[in-house]
Protein chains: 2
Amino acid sequence: MARHFDASHAAFESEFAAFLKEERGTGHDVADIVSGILKDVQARGGEAVAEYTAKFDKLQIDPATLQSDNVNLHLLAAQCPQDLRDAIDYAHDRIAAYHTAQRPSDHSFTDDAGVQLGWRWTALESVGVYVPGGRASYPSSVLMNVVPAKIAGVDRIVMVAPAPDGQLAPAVAYAAVKAGVDEFHPIGGAQAVGALAFGTSSLAPVDKIVGPGNAFVAEAKRQVFGRVGIDTIAGPSEILVIADETANPDWIAADLLSQAEHDPSSQSILITVDKSVGKAVDKSVESQLKSLSTGERAAESWNAHGAIVDAPDLATAANIANQIAAEHLELAIADPDALLPSIRHAGAVFLGHHTPEALGDYVTGSNHVLPTSRAARFSSGLGLYDFLKRMSVQRASPEGFAALAPAALRLAEAERLPAHARSVSIRSNREPG
Amino acid sequence: MARHFDASHAAFESEFAAFLKEERGTGHDVADIVSGILKDVQARGGEAVAEYTAKFDKLQIDPATLQSDNVNLHLLAAQCPQDLRDAIDYAHDRIAAYHTAQRPSDHSFTDDAGVQLGWRWTALESVGVYVPGGRASYPSSVLMNVVPAKIAGVDRIVMVAPAPDGQLAPAVAYAAVKAGVDEFHPIGGAQAVGALAFGTSSLAPVDKIVGPGNAFVAEAKRQVFGRVGIDTIAGPSEILVIADETANPDWIAADLLSQAEHDPSSQSILITVDKSVGKAVDKSVESQLKSLSTGERAAESWNAHGAIVDAPDLATAANIANQIAAEHLELAIADPDALLPSIRHAGAVFLGHHTPEALGDYVTGSNHVLPTSRAARFSSGLGLYDFLKRMSVQRASPEGFAALAPAALRLAEAERLPAHARSVSIRSNREPG
């Protein structure tokens, strides 16, 4: 049974804020353990990686190559059934199309002072993609991380995924091959992040590491940040649905459970402007849980972190949604376009009754790697931008230089940087030669 | 005396790679100290911030307000001389113009399957700007951090800057007022980062923290990352100049020293395709150092980290530049446009003989907060994008849904996520109501 809130009640604001502050993470303090593993990998390279892989994943890998004879990406990919390959191909092509549309343009303009200004976008050279093992090892996540890197023009994409006891899903392997992964190593955990960041004798270090992982992987990414780039640190998944009287309660209940089934720490919230919809969804969730093979962890998530909020109107619902800043937001209402401009913080927005979030997880083409734990307040989902960077470009003509020089000189003087001032004054009224 | 390299020598590649790997940071391991301060600020709020401020900055602040009667931003701003205000105003307006040009467009398209896809950019609500105290307390940095946030539409900009013994530069105060800072607190160090991230009784937490700082500030930003957004972690400044026979050695020497004067850890490198230019620059640096009030630290930087590289041609020079991935890159050559397409990694590129980097530090309008320590391989300078985020938006029509559903179902099945599958199957061939 999820908690109920009524946004019209006087105590709603404080009670709901407290609800949102409840911890959903694992709470482990893993910083010291991770720091030790990273130092070891930096010092001993492949030997350390192989030892941790034997210990944590029960897999023997060659320290010199970081490979295992028991885990061959292409052999595994060949085991993926044809109908599943077709679905992966279909998703691949849609993801490629969406991210191709994201390519930003270079820009250049010359202003009144005669100064040419602009920027150029260039691709990263090398990227490491972390793919989790076990329950969260998804071919869709391989596509979502690798395809944008490929479209951006990254030269070298290195994928790592733990293969406990040599096990790796054939669909994950097929997605990697399809998306064009250049190197693969069956390693995981903080040791894999260390290998990607510091390099080993056989693995050249990458420039950026993306992809979700457990608490150890997240902490390892945080610790190597600066040496390499990282994407947002991923937390448990979330869905928020705003519904009105036109919503089908059974559909909404299914959508709420589609995130609850990910993990007991996941969070599903419904905000409804029709109390009868809220009651019907609540009932449908309980009913659908009974016939769900993932029902146990979905129920755990729904009971611990789920909520149904009655809101007096859609404007209030939008305000609450902005406070939540959810990873996924469905607008299951008659006129989602009218509400969309009021939505400021969300990872991805799904409009109308026929856009369940699961469609976006797989095949709409937009990226399913999205900011969690309220990070949509300050960050975006994964996209082409994560694999490009922007160099600013500028050129002053002699006249432009003359126009700008006095202010530059005055500021350099104020900041007590005489060499800055000299690099300006030395050029005044003179030719380069 | 800087080191000399010749790119034509057989040993160049390994020797230069080793040179680039030399540590220029402080090397302090400050993680534990910072972690302790952050935990204390999170637990005790303003009381802890006031204690650390009294201890480190010798400044008494009110724990309830995080203010000091001795540091009033508007009174300080009033002390800024008029000609300096004019220069700050000039820089402000040019920075505003450049960043206004950066505003990305929302995008929406409907594909063949009948699926509407796109994204919307929205501004962050609140941002904290860290401004260093002491030697690196610059009005230009206030503008570079605050103006883009303002242009992006951030509602609340909180600036913190340590004011040791109550001292804060009037120009810094004027720049803050001019740029439209909403709140100011005279605090610094890890405790200020903690106050911005966790909030205190008088300071609401912000969504993102930007701005440079010392090793403690950088580590504090790293540790709060995830709870709030942060910009790139700043290291010592760098300049790289590529010169040909058309370059004026005195000008180049002045430019190299303009970064060397920042800090003994700064790095200035010249790559020249004309050996006589290299020799003349070397000589001019030694000569100019003598008449520079910042000469001591500039010499320390130049002697420890400076380099002159002879390259056989401009293509080789560009390759070496990409390996360095410098914060600032000047193309002091006859035809910089011809070389620009070969430049893949740099924070900012300055074209031709009349665009000294110092011009860009202050008044061209482009941002001077740029990736250091080779981070230009994977990140961009500060810009409007740092204060916006991108929400993906998607809508399937009933027909679009029908087209996409089979692949989504197959993938959900493969990933063993039955609630995902149900949220698709439950909608098949049915109306919402």
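The backbone N, Cα and C atoms fix where each Cβ goes, glycine too.
TrEMBL: automatically predicted annotations, no manual curation.
Record features, source TrEMBL:
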- A:E327: active site, proton acceptor (ACT_SITE)
- A:H328: active site, proton acceptor (ACT_SITE)
- A:Y130, A:Q191, A:N214: NAD(+) binding site (BINDING)
- A:S237, A:Q259, A:H262, A:H328, A:D361, A:E415, A:H420: substrate binding site (BINDING)
- A:Q259, A:H262, A:D361, A:H420: Zn(2+) binding site (BINDING)
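Shown here: features listed in TrEMBL, placed on the structure.
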residue: A:Y130; record: NAD(+) binding site; Cβ neighbours (10 Å): 29
residue: A:N214; record: NAD(+) binding site; Cβ neighbours (10 Å): 20
residue: A:S237; record: substrate binding site; Cβ neighbours (10 Å): 26
residue: A:Q259; record: substrate binding site; Cβ neighbours (10 Å): 32
residue: A:H262; record: substrate binding site; Cβ neighbours (10 Å): 23
residue: A:E327; record: active site, proton acceptor; Cβ neighbours (10 Å): 29
residue: A:H328; record: active site, proton acceptor; Cβ neighbours (10 Å): 28
residue: A:D361; record: substrate binding site; Cβ neighbours (10 Å): 29
residue: A:E415; record: substrate binding site; Cβ neighbours (10 Å): 22
residue: A:H420; record: substrate binding site; Cβ neighbours (10 Å): 30
Rounded distance in angstrom between the Cα atoms of A:D361 (substrate binding site) and A:H328 (active site, proton acceptor): 10
For A:H328 (active site, proton acceptor), the one of A:Q191, A:N214, A:H262 that lies nearest, given that the binding-site residues are compared by Cα: A:H262
Rounded Cα-Cα span from A:Q191 (NAD(+) binding site) to A:H420 (substrate binding site), Å: 44
List of the recorded positions A:H328, A:D361, A:H420 facing chain B, defined by a Cβ pair under 8 Å: A:D361, A:H420
Between A:E415 (substrate binding site) and A:N214 (NAD(+) binding site), the C-alpha gap once rounded to whole angstrom: 46
DSSP-derived structure type at A:S237 (substrate binding site), helix or strand or else coil: coil
Substrate site span - longest C-alpha distance across A:S237, A:Q259, A:H262, A:H328, A:D361, A:E415, A:H420, in Å: 56
Assigned element (helix, strand, coil) containing A:N214 (NAD(+) binding site), judged by DSSP: coil
Recorded positions clustered about A:S237 (substrate binding site) [Cα within 10 Å; pool: A:Q191, A:N214, A:E327]: A:E327
A:E327 (active site, proton acceptor): secondary structure state under DSSP, collapsed to three categories: coil
C-beta crowding around A:Q191 (NAD(+) binding site), within 10 angstroms: 28
Cα-Cα distance linking A:E327 (active site, proton acceptor) and A:Y130 (NAD(+) binding site), given in Å to the nearest integer: 20
Nearest recorded site to A:Q259 (substrate binding site) by CA-CA distance, among recorded positions A:Q191, A:N214, A:E327: A:E327
